[in-house]
Amino acid sequence: MSSEPLAADHLSPSSELILASGSPRRRELLGGLGVTFRVVTADIEEISRFTDPAHVARDLAEQKARTVAAREPHALILASDTLVALDGVLLGKPKNAEQNAEYLRHLSGRTHSVFSGVALLEPRGLESDGVSSGSVSSGVLASGVEQTEVTFRSLSEAEISYYARSGEGLDKAGGYGIQGLGMALVARVEGDYSSVVGFPLGLVMRLLRAAGVPVWGQS
Ligand SMILES: Cc1cn([C@H]2C[C@H](O)[C@@H](COP(=O)(O)OP(=O)(O)OP(=O)(O)O)O2)c(=O)[nH]c1=O
């Protein structure tokens, strides 16, 4: 399920696209879209004034974009944030194998939601039309969020401890990577798979094209 991205069709293509992310997954997926970009990481304290996960994911993506825009005033900035939520609780990146195992026990046999927010900011864009895009002090922002439902198998304690000790889940929201070994934890995915990996490609493509950036040769 995806919210309609806030359109930014009044934006003109910028000379350079920056991916505001240290995530190798996002780098690889954006590279696959055939666009030229540079990476600048956005280290923010991931705190939001919102409480519901969809708003939080979008807000954190926007914060990352703004943080990089302050340093890169001439480029189009793309940022993303991925959250895992179960029973109203957000599961971030586990601090260690023990916490990773706790997360997996919580997720075992149940369906959780993954929210990926995406923000595209043109720091020197035109003023907002006040309807479909947000005007920020440094430019014009377009953003959206994608929600995917993921169901875990019922995991045995041995499986939980094996996976937690693998270390794969440590740098990932919810403590697992669906694109890796974590695939074996999952019984079902409903929605956009790429969003679980951290970069909802359909949404990213729509936002880039609306900003005048051709994707797969199509604007
Ligand atoms: C659930 C899940 C998350 N993830 C990752 C995607 C994100 O990289 C990470 C969530 O953390 P984020 O804070 O969204 O991103 P990040 O800190 O890795 O990178 P940056 O802020 O610099 O853009 O979890 C997977 O790779 N696979 C999965 O199955």
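Every residue gets a Cβ built from N, Cα and C, even glycine.
Annotated features, as they stand in TrEMBL:
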- ASP81: active site, proton acceptor (ACT_SITE)
- ARG25: site 'Important for substrate specificity' (SITE)
- THR82: site 'Important for substrate specificity' (SITE)
- GLN179: site 'Important for substrate specificity' (SITE)
Whose Cβ, among the recorded positions ARG25, ASP81, GLN179, has more other Cβ atoms within 10 Å than any of the rest? ASP81
In sequence order, which same-chain residues at least six apart have a C-beta under 8 angstroms from THR82 (site 'Important for substrate specificity')? ALA57, VAL114, PHE115, SER116, GLY117, ALA173, SER195, VAL196, GLY198
Where does ARG25 (site 'Important for substrate specificity') sit in DSSP terms: helix, strand, or coil? helix
